[in-house]
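Some notes on the structure that comes next.
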Amino acid sequence: MKESTVIHFPFSVRRGVWLSKYSTFRIGGPANYFKEVNSAEEAQQVIQFLYSQNYPFIIVGKGSNCLFDDQGFDGFVLYNNIQKKEFLSETTIKVYSGMSFSFLGKTLSSSGYSGLEFAVGIPGSVGGAVFMNAGIGNQDIASAIESVEAINSNGDIISYQAAELEFGYRRSRFQNSKEFILSATFRLSKSASSIQIAKDLLQNKLLSQPYQQPSAGCIFRNPPGNYAGKLIDEAGLKGLSLGGAQISSKHANFIVNNGRATSHEVKELIQIVRDKLKSQGISLEEEVRIIPYRLP
């Protein structure tokens, strides 16, 4: 569908919302259409309609792992703000996808629940964490998940068991579909040490990563048997700046926004890193989602 086509939405929408406000990178121009959903019913209605109209759209949570274009997005941005949770049993919890993943980790660990302590150091939403199979070191969301509910193109809610989620290193089935992750059910255990484990993990993250500056987290996936940040550092690129974007001097797998960075500058830095490492026989793959102004 062409952008110029007039759309009459059966629900309220906003125009010209700046995506920089919905990105931890603080980069991004205005969205053509923008809609915040706060319930499963709202999400079902919006998704079914967008698919029926074949209108281009993206789903955004806390915006912690994406780079929006300076021009914005020539389509529909569906902002997920569904933030409920409920215990299904003493050690099983269902959490809706718009909730902060780090908040969930802090809440559970401080209440004596183990299984998601690593979440305290991961910005973003529960849905985003499922989408990326977020984790730290050898811990990831796949190790604690029991099932996921998602909304398909017909607006129907479907359930996937853990074995159906195609989890891999920073991968899930949802990266190859446009299903809306609605909720995740986690298996936990009771532990008196959970709060200390969470505190230690968070402290390590704060010491090693540039959390005081806007960024999108790790830019590249770690290649097998190595660390992208270490390779970028050894290539002499740590601290390299281009305009307002800089390869962090604290952790070389982060690009930070020094207050005036553009998406073009960030993408240029990413390409510089890729080219430099490629010349050494190393191929790096982006972990950050680069969202173009117009979908292909």
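Just so you know, the numbers here start at 1 and follow the chain as drawn.
Any Cβ shown, glycine's included, is placed from N, Cα and C.
These features come from Swiss-Prot:
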- R170: active site (ACT_SITE)
- C218: active site, proton donor (ACT_SITE)
- E287: active site (ACT_SITE)
- 26-191: domain 'FAD-binding PCMH-type' (DOMAIN)
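Cβ neighbours of E287 (active site) (same chain, under 8 Å, six or more residues apart in sequence): N65, M132, R170, G217, C218, I219, F220, R221. The Cβ neighbour count for C218 (active site, proton donor), using a 10 Å radius over every protein chain in view, is 20. For the domain 'FAD-binding PCMH-type' (26-191), the model gives a mean pLDDT of 97. Cβ-based neighbour count (10 Å, all protein chains) for R170 (active site) stands at 18. For the recorded site, C218 (active site, proton donor), the DSSP three-state label reads strand.
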